[in-house]
Amino acid sequence: MGKWTIPSALILLCLLSLLSDQGRKLQANAKEGAVDPPKVEDNIGAVPHGLQTDSDVVKRESDSISSRSLRNNAEKFEFQAEVSRLMDIIINSLYSNKDIFLRELISNASDALDKIRFLSLTDKEVLGEGDTSKLEIQIKLDKEKKMLSLRDRGIGMTKEDLIKNLGTIAKSGTSAFVEKMQSTGDLNLIGQFGVGFYSVYLVADYVEVISKHNDDKQYVWESKADGAFAISEDTWNEPLGRGTEIRLHLRDEAQEYLEESKLKELVKKYSEFINFPIYIWASKEVDVEVPADEDESSDEESSDSTSSEEGADEADKSEDEDTEKKKTVKETTYEWERLNDVKAIWLRSPKDVTNEEYVKFYHSLTKDFSDEKPMAWSHFTAEGDVEFKAVLFVPPKAPHNLYQSYYNSNKSNLKLYVRRVFISDEFDELLPKFLSFLMGLVDSDTLPLNVSREMLQAHSSLKTIKKKLVRKALDMIRRIADEDPDEFSGKDEKDVEKSGDEDEKKGQYTKFWNEYGKSIKLGIIEDATNRNRLAKLLRFESTKSDGKLTSLDQYISRMKSGQKDIFYITGISKEQLEKSPFLERLKKKNYEVIFFTDPVDEYLMQYLMDYEGKQFQNVSKDGLKIGKDSKSKELKDSFKELTKWWKGTLKTEDVDEVKISNRLDNTPCVVVTSKFGWSANMERLMQAQTLTDASKQAYMRGKRILEINPRHPIIKELRERVVKDPEDEGVKQTAQLIYQTALMESGFILSDPKDFASRIYSSVKSSLNISPDATIEEEDDVEETETEPETKAGKDGADAESSGLKDEL
């Protein structure tokens, strides 16, 4: 038996091991069989009064979201058009700015709210009760899940609506869609959910749309824009009651849209004037009192136990100490914060809006929170083929870069809204460039739009709006002048008293002109239709304005009897023009002359040919008529020989004519240009152009005419000399010098300044009785010797002396 002892022991150990393993397996199976009851967890996102779900549903949803795949039990649909082509059009061609996805979603939510509000006018029950009846938009973000959601309590969508509205572009076919957009440009798609909705794929790679319509169950639409979307009945999310919730699962490169500050900025920029309240689930830190730490409390309790209880006073003291056993900590709370709290005053009657409200609205609209008020504003409603409301403001100061890149910039300060949705401010179809300084907005419910809301086409409706806006803008500017007491010169004092608050409005139009006068001049050049209206707004100084600005109407009221033309002169400055020889006889005869000193004035007067039946006459050009001179024919005959001789002498100077002048009094002669050519000032301006072509200037340069003053002693003496000896070289040199001097005094630039200087020096020699043959004394030739450089010692000595001198000083 001894030989069986060891093997038997081994077999017994093996059996015991097997039994032990079997027992552990049974125990494990027993534990697995003890299933815990279903757990009820908190709502996802902590949505108040939400439908709670069990852990399995949460897990399935989490798995679905994390895998970015469509739910297995959902009904699948294929986009009929090529989605990659569609996304390329939507994202790359139409939407250049990713930020606008939020604008599109809010716009769609506003449309849905508008629809249910319209239905509630005839059936109030469609709004439901409680929170469902609140027409509002809510924005919520979840940083952990990288999810942004937007919810509205609008009309909602049925299952058919989800298929139709969110697939309308794809089902129409990419090529057909593009063709329709390019051919008509009149796609009135606002309110159709599937248009701007696709901009969500600029920032998200997976999108869920949960929607509940009063006539259907709650459904979920989901897609990754990869050629398919799915729809399934929603049995796991919070019941919406009515409306739509869009959940965007953001891309990694779009995480900036999970920041509250970014979302608030976008809402303020694009949707500040939506007609429904917009809320965001915002975090907020508050101070909260909490009990002190347990260790501190136990120490205080032990200390209190050693003390004796000595009556009611000690008890009160103990109660006070108990109240002090607390500390203040920072705690993060969440609450709904309204983002669009600015009232849309343009929807109200102008009679119901106060001046303070207009000023506050201006600061809010322009983001200009200075203390300065706008110079003027205009609030009106236009009715007819195109209905819209508008508010226009004249800012107190012009932007520093208003006229930089004037013709190359499309930036406008006028914002376009459609149904309180910001569309764009980067086009000039609503206001011409010369009125681009105006601030304000236009809000239309009927304006047709194209697909992206940011690429408005040239449409007939826009032209109608533009026409009405320009007329209202000009009326607003004219009203500034009408209400300015400084503009009432020549009127009765009674009329001035009726003008209103003088102190506040005094000098307002002068201030406007100093800021925006150039824009009015550019308007006269660009807008032929409103040229006469704009001309009434012109202001300038004249020989009779006493340093103040005057208007064309005031000029006409001061015209002399029989005066047919409005006289003006152009130049560099008023001070220079006041000394001009062209004004001598006009001032002597008490004619008023307008000063135009702005470079744009030369272009202005090429378009402003007449005003109120009066022609404009540049007094530095040919054709000036100042009454009639009975001796004019006799003078012409007596100076006929001189004028003919002088023209021949100046044949190399391109002088077209020499004639008797009717505009000079103290000056011997001037050079004028032909009526339809460039003036001397215009020539100067054109020569200063950087990219000017000198070869082409000859065609526009006016013909030069030398006008002489027959009453001046120099001209009389010159006539006598010519009669005696027409070939006298000295007389010819003098005539040449007189012409060049007149040329320079008339505002022209000398083509050969060296020749002019030589003639002046020759004249000086003659006046000093210096022989014309006198030569310049030769300089003695002196050999140049090289100077030796200072030695270091000498230099140091000189520095020391200089330093000592400074010390003494």
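From the backbone N, Cα and C atoms, a Cβ is placed for every residue, glycine too.
Unlike curated entries, TrEMBL annotations are predicted automatically.
For reference, TrEMBL has these:
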SIGNAL    1-20  signal peptide
DOMAIN    97-254  domain 'Histidine kinase/HSP90-like ATPase'
BINDING   Glu104, Asn108, Asp152, Met157, Asn165, 171-173, 192-197, Thr244, Arg453  ATP binding site
COMPBIAS  290-303  compositional bias 'Acidic residues'
REGION    290-330  region 'Disordered'
COMPBIAS  310-322  compositional bias 'Acidic residues'
REGION    769-809  region 'Disordered'
COMPBIAS  775-788  compositional bias 'Acidic residues'
COMPBIAS  789-809  compositional bias 'Basic and acidic residues'
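Projection of TrEMBL feature records onto the structure.
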residue: Glu104; record: ATP binding site; Cβ within 10 Å: 22
residue: Asp152; record: ATP binding site; Cβ within 10 Å: 28
residue: Asn165; record: ATP binding site; Cβ within 10 Å: 21
residue: Gly196; record: ATP binding site; Cβ within 10 Å: 27
residue: Thr244; record: ATP binding site; Cβ within 10 Å: 26
